[in-house]
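Colleague: Can you keep this structure in mind? I'll have questions shortly.
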Amino acid sequence: MNIQEQGRFTRGAQIFAHQIRMLTQGITNALTVSLTASCMWLIFRILQKINILSLYYYCIECYVQLKLAVGQYFYDISQIGITFYDVKRQEWIYRSAEDFIHKFWYVTKHGTQITSFGSWLAGSAAFEVLGVFALTMPGITIFFWYRGIKTIGSQKLRGMDYVQASELTKILSKEKVASNIKFAGLPIVKDSERQHILITGTTGTGKTNMLNELLPQIRSNNEKAIIVDMTGSYVNKFYDPSNGDIILNPFDSRTSNWLPWNDIVDTEDFDDLASHFSSNNGMGRASFFDRTAELVLAEALKKYAVSRD
């Protein structure tokens, strides 16, 4: 396994581990929300089933039961009692343990409420909590799923908008900035025809077809274009001398007469023109010979500048 393959393996393993961690975190969050909702529902139902006052006296009753369970081994039951604060009377009172237990369960409403609450807690409470959990879990899962789709699919951070070609055509036409130059029916922006346009792609992607579509439109608009035709395919397809087309090619019999001195105005233009006839880039061993050839050509052009012969 080479270094490149090791890097791919490492990236794949890290991505997989990260996805597992994120999935675990998502499941944990969903469980936490569902359990919280279930607990809140349980608390809400408890507050419906029992009031604070009944719970207060029930706590005292439990304490009295504990005193009886322990104190009966040391005292007579009739001697065991409790002092507690009576909420109704708003004072501290003393009552025997047996009397308190009897009144709690058989005289006051508190015992009945505690009994009803205990029956509910042992019966349907668990089903209610499970029902809330069962409803919340898929609900929060769908919510997280929707948030993920919304965040990834439609949230724009910066940059251009991605639209279909048909929609872009409508936008340009609506804003009245659509040019009459089009590629596959899609107009470019008006007044940008003479700006730089990069057409890139591998073999067979349609670069030549785009240019074949562009050139007739330029001609129909009575515009001018300079075409560097390396293979001669554009000349064979579009050259028409009746439309004023001109060929500049010393190896083509149809070429127009052109002299290099036609493009020379200042002395510096000799060197500039000569530099275009070599592959000199200022680097490598061949740069000396390229530069020398440029100097020879520049001097020759200067020598025959008057006679142009």
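Each residue, glycine too, has its Cβ placed from N, Cα and C.
Please treat TrEMBL annotations as automatic predictions, because they have not gone through curation.
Pulled these features from TrEMBL for this protein:
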| type | residues | note |
| --- | --- | --- |
| DOMAIN | 32-109 | domain 'TraD coupling protein N-terminal' |
| DOMAIN | 181-304 | domain 'Type IV secretion system coupling protein TraD DNA-binding' |
| TRANSMEM | 27-47 | transmembrane segment |
| TRANSMEM | 125-146 | transmembrane segment |
Colleague: When secondary structure is assigned with DSSP, how many helix, strand and coil residues does the domain 'TraD coupling protein N-terminal' (32-109) contain?
Modeller: 52 helix, 12 strand, 14 coil
Colleague: Could you tell me how many residues in the domain 'Type IV secretion system coupling protein TraD DNA-binding' (181-304) are helical, how many are strand and how many are coil under DSSP?
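Modeller: Grouping H, G, I as helix and E, B as strand yields 52 helix, 7 strand, 65 coil.
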